[in-house]
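Student: TrEMBL feature annotations, pasted as is:
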DISULFID  31-226  disulfide bond
DISULFID  73-83  disulfide bond
DISULFID  88-94  disulfide bond
DISULFID  142-214  disulfide bond
DISULFID  147-197  disulfide bond
DISULFID  155-165  disulfide bond
DISULFID  169-178  disulfide bond
DISULFID  179-184  disulfide bond
SIGNAL    1-21  signal peptide
């Protein structure tokens, strides 16, 4: 009986270790203002005051996943409202992607060759400085990256919107910027982002310099809004006008 109990304990420990050994994400707000964090297809949404963190687990095989921050939000007691940037259909618990502009952390876990693929993207524009990467760096391109330039303050006039710097595809459309009909290359507007955040995706086919990988099953990740050294002018550059139909939770 004792041997059976010992075997059962080891089995349960192995199961828990296998199931939760990796894929844990910490989302931390270091901004001097409130950020409403969002994550899909797992996570949902969470209000983060300065210094607060949010943890969630993404199972192996999760792909087309995004984490981003929303700013200047107003939600009622039922979790319905609106955000100036990154809004996901007017709900606190996001089910779909956010509305540009929003700085993105993207990932796909346990893909081919047992690798996690991840990146920071400004293809949808920029609203909050961000860092993203493994909590314990590994070999090759398994190390944290960041996008912390003063993009909102330096944003070209044609892309400037309340709360952020929009992307050229949303602003102008067309194959040149959206790359929906075959190969495409960088543009002057994508270079504006790339020069300031060289590790981030700046247009849809920016793969060679912007995709990072870590070994699956052994890696946890951390996203930080406004990492140390970043510029914090994201919510003060433009006046906020909230819809009158929503009410902030007390």
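Here the Cβ of each residue, glycine as well, is placed from N, Cα and C on the backbone.
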Student: When you rank 73, 88, 155, 179, 184 by Cα distance to residue 169 (disulfide bond), which of the disulfide-bonded residues ends up on top as the closest?
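Tutor: So, of the listed disulfide-bonded residues, the one sitting closest to residue 169 (disulfide bond) is 179.
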Student: Provide, as an integer number of angstrom, the distance between the C-alpha atoms of residue 73 (disulfide bond) and residue 165 (disulfide bond).
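Tutor: Distance (Cα to Cα, whole Å): 17 Å.
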Student: Round to a whole number and give the Cα-to-Cα distance in Å for the pair residue 226 (disulfide bond) and residue 184 (disulfide bond).
Tutor: 31
Student: Closest to residue 142 (disulfide bond): which of the disulfide-bonded residues 31, 83, 155, 178, 179, going by Cα position?
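Tutor: Going through 31, 83, 155, 178, 179 one by one, the Cα closest to that of residue 142 (disulfide bond) is 31.
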Student: Between residue 184 (disulfide bond) and residue 147 (disulfide bond), how far is it from one CA atom to the other, in Å?
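Tutor: Spelling it out, the Cα of residue 184 (disulfide bond) and the Cα of residue 147 (disulfide bond) are 23 Å apart.
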Student: Please report how many Å separate the Cα atom of residue 178 (disulfide bond) from that of residue 165 (disulfide bond), as a whole number.
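Tutor: About 16 Å separate the Cα atoms of these two residues.
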Student: If you draw a 10 Å sphere on the Cβ of residue 88 (disulfide bond), how many other Cβ atoms land inside?
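Tutor: A count of 23.
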Student: By CA distance, which of the disulfide-bonded residues (94, 147, 165) lies nearest to residue 214 (disulfide bond)?
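Tutor: So, spelling it out, the nearest of the disulfide-bonded residues is 147.
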